[in-house]
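K.L.:
First the structure, then my questions, so here it is.
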Amino acid sequence: MESNYAEYVALGGEGSAPKLDKFQKVSIVPLIFLIFYEVSGGPFGVEDTVRAAGPFLALLGFLIFPFIWSVPEALITAEMGTMFPENGGYVVWVSSALGPYWGFQLGWMKWLSGVIDNALYPVLFLDYLKSAIPLFGGGFPRVIAVLVLVLALTYMNYRGLTIVGWAAILLGIFSLLPFMVMGIIAIPRIKPTRWIMVDLNKVNWGLYLNTLFWNLNYWDSISTLAGEVDNPGKTIPRALFYAVILVVLGYFFPLLIGTGAMPVNRELWSDGYLSEVAKVIGGVWLRCWVQAASALSNMGMFVAEMSSDSFQLLGMAERGMVPEFFAKRSRYGTPLAAILFSASGVVLLSWLSFQEIVAAENFLYCFGMLMEFVAFVTLRRKFPSAERPYKVPLGKKGAILLCVLPSLLIFVVLALASFRVIIISFSAVIIGLVLRPCFKYMEQKRWLTFSQERHKQLGCVGLALEVERMDPIQDLVFVFFSPNTTLPCAQGKENDSNKIFLFPQIEEEEEEELDRQKMSPSTSTSSPKKNSKTLHDLFEQESPHFNIPASSPSSGNEELISTISYCTFVFTFTDPSESPAQRDLKRLQLTRLVSILKSSKKAVHEKVLGPLVTMISANLFRPLPPPSNPGSISDLPEEEDPISIFSPLWSHLQIVYEILLKLVNSTEQKILREYIDHCFLRNLLALFQSEDPRERESLKNVYHKIYSKFISDRSSMRKSMTEVLLNYVFETEKHPGIADLLEIWGTIINGFTVPLKEEHKLFLMRVLIPLHKTKGMQVYHRQLAYCVSQFVQKEPMLGGVVVRGILRYWPVTNTQKEILLIGELEDLVENLDPDQYRKLALPLCTQITKCINSWNSQVAERALYVWNNEQFVKMALIGTVDVFTVIVEGMEKNLKWHWSKSVRQLTESVKVMLEEMEPDMYSKGLMDMEAKESTAHLEDINRKKKWETIKLEADKNQFLNPHRCYIRVSY
């Protein structure tokens with residue numbers, strides 16, 4: 001049964017942004033231009049304001065209207081986006097204020113509005129090009145062009161927000177720069193009297209207001225990306241501030257130039273007229289520049305809108321509103337399924353007529369904005385004490401007044417809509433009303449999987465922020481756990497204004513279970529709601545899942561031990577009989593432990609230390625599930641990284657790892673050594689087989705901290721890690737945590753003293769070098785190369801051992817490994833002892849030459865680039881004539897036979913360089929090669945002559961060629 005009550009949604013959380021190798025947060029400059037393209041894209045489309053109202057009202061509108069609409073919307077987005085710094089944006093706001101049902105309806109309307117809006121841009125881009133390329137005017141070529149354009153821009157979104165952000169920066173500069181140039185050129189032509197021309201009797205107010213409105217909205221779209229922003233509490237408000245200035249000036253300045261430099265004929269001012277203004281002011285070249293900027297601006301708006309739509313779906317999927325596969329991330333941190341789904345909608349809608357549909361899209365946007373204004377005021381009224389990194393400096397009444405003018409403007413726009421637009425818009429709304437129960441039915445039938453963990457743990461992080469500001473023992477008293485549950489209030493301050501919702505609506509079975517449990521007498525008098533419970537009751541309630549006796553702690557340590565005992569019970573997150581409320585309560589208790597450990601200036605008491613380590617062991621040391629991909633990493637395509645599997649237990653494990661790290665940092669080694677023994681360390685090492693990259697990242701930090709603190713155990717810890725690596729190399733070749741272990745080894749090797757011990761050199765020869773032979777080496781090669789280079793830097797004489805070892809395990813058919821190993825050899829050459837150049841020149845140059853002759857162009861090009869390395873060239877020149885002969889043979893063979901033109905060009909460049917550096921040796925190498933070829937040719941001729949002689953002798957032999965006997969057959 002779905003709840004219509006509001007839910008206080010988690011601030012941030014564990015699922016917002018997984019730590020992936022190719023994932024990066026968005027900084028302030030790319031975010032500014034993403035907002036710029038979400039809202040504006042440049043001064044294209046503002047011409048209708050001049051046609052509708054004249055220059056004066058057009059300029060005045062772009063100065064005043066931002067304060068009526070843009071600034072309020074940007075301020076609300078800044079406050080709410082920092083209050084809920086996670087993907088989903090306005091969906092999260094409305095879910096918190098009005099409940100998940102209305103959050104879904106808003107998400108449906110805003111997503112549909114965004115996709116319809118996005119379907120315009122590829123079509124408009126081709127409309128700009130069809131004057132130069134008539135082929136794109138219609139028919140099959142136009143269809144192919146739309147598909148190719150959508151696929152290319154969708155791939156850019158797949159590669160990550162950082163790439164999209166920097167592409168938006170380049171496009172933004174390119175789009176705004178021609179108007180700056182036009183402004184400089186137009187200075188002598190400007191007449192200020194043209195700016196004040198106005199005729200109120202000929203103003204088309206409908207066109208004027210609509211043009212202003214649609215050129216200055218969509219400020220809230222950036223909130224759906226809040227989870228991808230670096231330091232959102234500061235970055236989002238600043239980015240919105242600078243974006244407002246950039247957007248307003250980007251409209252106002254070109255209008256100021258165009259209306260001041262030319263006689264105003266309002267009838268001429270329609271879409272695209274600014275390019276004609278540019279032609280008059282600067283010539284044809286400036287018009288072409290403005291037209292190109294206008295075309296490319298559509299591409300910027302497409303990628304920005306696609307990012308917003310796809311991350312909105314990701315945020316909704318994390319809350320169980322849409323199927324869970326929309327929350328799956330690629331290796332670049334982008335929601336691949338959501339991107340493909342949004343792109344599919346764009347392709348389908350790009351063939352339709354957009355007149356009424358675009359108007360309907362705007363109608364849906366207005367509906368959504370009204371819901372956002374209601375959510376903003378509701379959250380201000382219900383949650384005044386919730387943390388807001390940025391808060392609009394207005395009280396409750398000021399927040400209401402802030403929304404009045406924008407709301408009135410929305411009602412005016414809605415009133416101007418045609419009947420057909422209203423019908424289309426309400427049809428879309430009805431679809432959303434039907435979709436929600438359909439999804440619920442599919443979830444019950446298990447036709448689709450929906451996220452359970454995320455939307456049942458709403459509010460825990462927000463609660464943790466409140467807990468950290470309180471005294472961990474004294475102030476944490478009241479939590480009302482009736483239809484909604486509130487954040488803890490200080491004693492004697494449990495009034496309605498301080499209530500903040502914590503847990504989602506409890507299912508009927510859970511309500512019956514709680515009703516059967518005992519009620520505290522004090523709760524019935526202090527809570528204004530029926531059937532309420534205090535936080536103390538929740539902590540001490542006797543749950544069927546816990547065999548923990550109720551107790552009334554008399555001291556801090558005893559209460560802490562009671563809390564630790566409560567957290568010892570482990571939830572699977574897969575058992576349907578587990579209570580979501582109990583899981584939330586355990587997370588609350590764990591958060592409370594972290595708060596106590598952080599706030600305490602003293603070390604943990606020994607009486608508490610034992611139960612705490614036992615609790616950590618119970619939560620961490622568990623049987624790991626079988627690997628989701630039982631095959632080897634080498635079974636994956638060469639350009640694909642292994643898929644990361646995220647553990648459903650992470651919401652608890654994350655806090656447990658934080659507790660363990662805090663414990664290791666704050667406790668003396670002698671005391672902690674009694675509890676963290678060899679068995680504990682072995683179990684900790686076994687957890688590196690977890691497929692969750694977030695867990696391995698936390699585990700890596702903890703394990704390295706223990707290694708640095710437990711000096712007496714370092715040898716045994718190194719031995720244990722070595723056993724894991726050897727087992728991987730010679731037995732299984734299956735272990736997801738090899739890269740993390742090698743990263744720890746890199747820091748360990750960096751601390752080795754010179755001269756190196758024999759056991760350390762043996763580790764290099766018996767473990768690190770054989771790690772180059774595994775099929776999945778590309779997953780951990782970066783960390784492996786760093787470890788090996790540390791050895792060679794400390795003792796350059798080991799370079800010869802490493803080079804020969806790598807050549808020994810050189811792959812035969814794996815081109816990706818070849819490219820990686822070529823780069824590693826190039827780096828090693830720079831650290832080699834020069835005395836070893838002569839010994840290593842022949843085997844090293846022979847292998848590089850084989851790679852140069854590879855039919856794989858990437859391998860050949862990478863091997864040819866090695867010749868840009870001065871140390872490698874120096875080593876080759878020091879080598880003997882035999883070395884140069886091998887090199888020359890490889891070069892000449894490439895020039896004659898290689899299929900790739902780029903490889904032949906690079907080979908020619910290397911040949912010219914070698915001829916200039918050592919003309920005599922190269923000539924001698926050519927002569928030796930020709931002599932070898934001549935000798936081989938003579939040997940081939942002699943071989944053929946011998947075979948001819950053998951054949952003649954065989955023909956003469958009667959036993960080998962008996963005379964044919966003919967038998968006469970009579971019929």
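Glycine is no exception: its Cβ is also placed from the backbone N, Cα and C atoms.
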K.L.:
Transmembrane segment per TrEMBL sits at which of 26-46, 278-298, 425-445?
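P.N.:
Comparing 26-46, 278-298, 425-445 with TrEMBL, transmembrane segment matches 26-46.
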K.L.:
Kindly say whether the transmembrane segment (26-46) and the transmembrane segment (240-264) touch, using the definition of 3 or more Cβ pairs under 8 Å where each pair is 6 or more positions apart.
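P.N.:
Yes, the transmembrane segment (26-46) contacts the transmembrane segment (240-264).
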K.L.:
Examine the transmembrane segment (52-71) against the transmembrane segment (240-264) and state whether at least 3 Cβ pairs sit under 8 A, considering only residue pairs 6 or more apart.
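P.N.:
In contact, yes.
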K.L.:
Which bits of the chain, at least 6 residues beyond where the transmembrane segment (399-416) starts or stops, bring a Cβ under 8 A of a Cβ in it?
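P.N.:
Distal contacts: 68-69, 72-73, 75-76, 206, 209-210, 213, 362-363, 366, 369-370, 373, 376-377, 380, 392.
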